[in-house]
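Contents: one structure, followed by commentary.
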Amino acid sequence: MEEEEIEKAVIAYLKKKGFKQTELAFQEEHHQHQNQQTKNSSSSISSSTDPDIAKHILSFSESENIPARYHEGYSKLRSWTYSSLDLYKHELLRVLYPVFIHCFMDLVAKGHIQEARNFFNSFREDHEMMHLRDLQKLEGVLSPSHLEEMEFAHSLRQSKVNIKICQYSYELLLQYLHKTQSITMLGVINEHINFQVSPGQPASISDDAEVVTLIGSSQDDANQINQKEIHWGLLEGSLEERLEKAGGLLSDSEKAEGEVKETDTEENKKRSAEGGKQGSSIKKLKKDKVVGAAGKTARPEANAVSMAPRVKPELALPVMPTEVEQSILEDLRNRVQLSSMALPSVSFYTFINTHNSLNCSSISHDGSLVAGGFSDSSLKVWDMSKLGQQSATSIMQGDNDLAPTEQILGTSGGKRSYTLFQGHSGPVYSATFSPLGDFILSSSADSTIRLWSTKLNANLVCYKGHNYPVWDVQFSPLGHYFASSSHDRTARIWSMDRIQPLRIMAGHLSDVDCVQWHINCNYIATGSSDKTVRLWDVQSGECVRIFIGHRSMVLSLAMSPDGQYMASGDEDGTIMMWDLSSGRCVMPLMGHMSCVWSLAFSCEGSLLASGSADSTVKLWDVTTSTKVPRSEENKSGNTSRLRSLKTLPTKSTPVYSLRFSRRNLLFAAGALSKSG
């Protein structure tokens, strides 16, 4: 092995990487070494380089120039991983995706564009199920300059991936890399992966969602942000607190059985007022009768809300009219207490004849109004009581459930069954009712948000601020303020009386797909295509929590009524329950087969409802999910599937939105799919 060859290889490498000072120091040391060698010719034997090291250096210099080494190295690593023992395979498989994308980007950076495309196309199928959106973005990288210009690719290159792995799996991987002399793969892994090695047996496969940190997001940064203090309690002086102090909630749950039955009767009356007049115009899912002792059964869970700490509001909150307060208090007094033993009744609104043009739906807090946002830039609102009166006289057998078309319903001389709101110049992607139902907000591809009056049936304000389509908009729990999220990777806080945003929340690496207010109005949560959820302080605009664990874009969010927990649903059908205080996942809820488009907590926080593109509504017992520690759950061998209480399938209707009324009746809405 010639010394000159090794020296040339090392110098060439240092020049290529731009390490000028190291190169000069190496050359100076080399000259000194040569001078010393001429003085002591007898020491020439000891000065020779170790053959193994020399071999590695030369093979590394060769691999620097041969793109085929990437293809061959990754192919061998992939084959070895798939042939590993099942006990360790799922941990070792985690390494493949980051190695794959960095091999591709390294080839692009070195200017081997065609070889990079061939490599990408050869192995992309392995990762499409888990990382399709990322691959679609990387497909657009066609030159070294794209790696700098595209923020997603740039962030991948600048940060390391954190992977949790057990000690034995880690040693197996290192042993393979050294034994096969996979210098190229070893270089990629050293440069771009940070292993978090844990002693003991491999983690269970069900924990996989949490072990691979989002690529492009620094775990250290997230941990630092998650140290910030947050106040997750309820607002001081809230209606629930006032009712509790007055003894309203206590007396309800401690009434005699006969009185509880009377309350149930009143609940049924209210239900008929909320949605019972719809007649044949509404499809019902199965109703679960609420048992007479529901109040008693659910008492421990009901305490969760009343025991939550109280916090002061950071925003100036609107004053609620007295008559509205009285109406809400009446609803709270007559609320049905739900639990795993007492499931809610469900009223399902089905849109038909939408011709795939319905993008979103929204239900008012009492279920009396239903809105739909359409691709033709229109917003349509149905009043359930009026629709029921019309259909009762003229529609038979429920053939026209809730038809968002221009057809005539009833005998009222060509009168539409809905109110049409026109003003947007692009598809409407989201709609939200104010808490009192007197206003509705809509967001659109035209990058604007519009405020409409349901009383005047008119557009009041057009809010401009986002630069790209606005995917979601949500009123705060007390009205007046609202939050929006957009393709421009920001979320914004607004108030109804100002046309400019009050706060801009920037930090996500991709689209902000959904937004949700905390129950105390001091925070908003945002879900993004970058697979993270963030919690923001509305007063300062700062990010105070980053929740990492989803493996696909986050499409839905819900806050628990006590303000301590948050649920998030993603494109793969996974729901994750988060503790806001610690920023950690309490429990992943698995069961849906497709996107989770909507989530809603029951009013006392004991149940979580989820609506999915798989045409089902699922009910989850979140009290057990949040109480069982992760370690205990693993020991007992229970899976989160046991937390699913009931699955309510529709015939062929993907579920767009869910809403628990103040009396704990669950409303759901979706568009009938012809493909089913």
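Every residue, even glycine, has its Cβ placed from backbone N, Cα and C.
Remember, TrEMBL labels are computer predictions, not curated facts.
Taken from TrEMBL, the feature region 'Disordered' applies to 29-50, 247-298. Feature annotation from TrEMBL assigns compositional bias 'Low complexity' to 34-48. If you look up TrEMBL, you'll see 66-193 marked as domain 'TFIID subunit TAF5 NTD2'. Positions annotated as compositional bias 'Basic and acidic residues' by TrEMBL: 252-274. Residues or ranges marked as repeat 'WD' by TrEMBL: 351-385, 421-453, 463-504, 505-546, 547-588, 589-630.
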State, in range form, which of 351-385, 421-453, 547-588, 589-630 has the highest count of Cβ pairs under 8 Å to the repeat 'WD' (463-504).
421-453
Count the residues of the repeat 'WD' (463-504) that DSSP assigns to helix (H, G, I), to strand (E, B) and to coil, and report the three numbers in that order.
0 helix, 22 strand, 20 coil
What are the DSSP helix, strand and coil residue counts for the domain 'TFIID subunit TAF5 NTD2' (66-193)?
101 helix, 7 strand, 20 coil
How many of the residues that make up the repeat 'WD' (421-453) does DSSP mark as helix, as strand and as coil?
0 helix, 20 strand, 13 coil
Within the repeat 'WD' (505-546), residues counted as helix, strand or coil by DSSP:
0 helix, 24 strand, 18 coil
What average pLDDT does the predicted model assign to the repeat 'WD' (505-546)?
92
